[in-house]
Amino acid sequence: MSVMVVRKKVTRKWEKLPGRNTFCCDGRVMMARQKGIFYLTLFLILGTCTLFFAFECRYLAVQLSPAIPVFAAMLFLFSMATLLRTSFSDPGVIPRALPDEAAFIEMEIEATNGAVPQGQRPPPRIKNFQINNQIVKLKYCYTCKIFRPPRASHCSICDNCVERFDHHCPWVGNCVGKRNYRYFYLFILSLSLLTIYVFAFNIVYVALKSLKIGFLETLKETPGTVLEVLICFFTLWSVVGLTGFHTFLVALNQTTNEDIKGSWTGKNRVQNPYSHGNIVKNCCEVLCGPLPPSVLDRRGILPLEESGSRPPSTQETSSSLLPQSPAPTEHLNSNEMPEDSSTPEEMPPPEPPEPPQEAAEAEK
């Protein structure tokens with residue numbers, strides 16, 4: 001007897017996650033919805049490096065050293081790896097509260113603040129938390145229905161609370177937070193070195209060619225080199241400046257969001273409770289500390305009730321799994337009767353027994 005197995009589509013948690021993120025590769029890749037500038041970043045890096053490897057590297061490897069394209073390839077691969085790691089990873093999104101958790105938090109807030117008279121503004125929903133003998137305020141997020149952890153903030157573009165939120169970077173197409181900040185820093189650092197490297201050797205290439213055929217003839221014969229020089233010149237200042245700014249933040253163990261708001265350098269002159277007072281310790285904590293795991297569980301499987309589908313009943317399941325074919329027959333002995341008799345059309349009724357001979361003679 002053949003049995004047909006019916007498989008239903010599994011609903012994973014990333015398909016039902018709130019927010020404005022997009023997912024690819026069955027939830028393994030997580031990005032923001034606005035990815036146009038990210039594609040521009042890829043185009044500029046890939047286009048500039050392709051021209052550099054196709055023209056300048058071939059000439060410089062023969063005239064100067066074959067190590068020039070090797071080192072350029074190492075910088076290029078490292079920059080691309082850190083860019084994709086920053087763009088495709090979870091920056092540290094904090095899950096929103098479930099309905100039961102949100103109701104419990106609301107009851108806790110009402111019990112703490114008391115009843116608010118009608119017409120008056122309710123007090124701010126803030127909890128005080130002490131870190132290194134410093135009072136830190138935990139703010140309530142009305143979208144996620146949670147009290148945000150220290151240094152967390154709600155991104156208005158991705159519509160999620162991100163742990164140790166630094167900023168939303170459209171150039172990488174993702175938020176920069178606790179789980180991908182180190183990769184973001186390594187990306188802009190390696191990109192700065194790559195830009196300086198390509199720009200410098202383009203100048204060397206033009207100088208060497210100008211010694212043979214002249215400066216104007218070199219510019220006419222190598223329009224790709226001119227394009228590379230222009231791209232590197234205009235992007236060099238912004239990338240190198242951004243790297244220097246984030247190096248300053250890493251040394252202080254501070255985020256871009258805290259620097260913009262003036263959390264530790266404002267009028268109140270409150271000391272940064274997260275700084276160790278040592279540049280080396282701060283750099284080790286930000287860039288070399290253990291990477292926390294993602295708390296989203298994007299590829300987890302949702303129950304049928306939460307995925308929006310109705311669980312099949314027992315009768316539906318049995319009828320869908322069993323084949324619609326007649327039951328197998330068994331071989332019976334001549335003196336055995338089957339438990340389930342056939343229909344009247346298939347089995348004729350038995351003939352009445354003949355009366356015995358003695359009863360017939362008595363009647364006569």
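In case you wondered, yes, glycine gets a Cβ from its N, Cα and C as well.
Per Swiss-Prot, the topological domain holding A61 carries a different name from the one holding Y142, which places them across the membrane from each other.
Here the topological domain 'Lumenal' (205-228) has, by DSSP, the following mix of helix, strand and coil residues: 22 helix, 0 strand, 2 coil.
With DSSP classes pooled into helix, strand and coil, the tally for the topological domain 'Lumenal' (57-63) is 7 helix, 0 strand, 0 coil.
Taking H, G and I as helix, E and B as strand and the rest as coil, DSSP gives the domain 'DHHC' (139-189) the counts 9 helix, 17 strand, 25 coil. When other Cβ atoms within 10 Å of the Cβ of C169 (active site, S-palmitoyl cysteine intermediate) are tallied across all protein chains shown, the result is 23.
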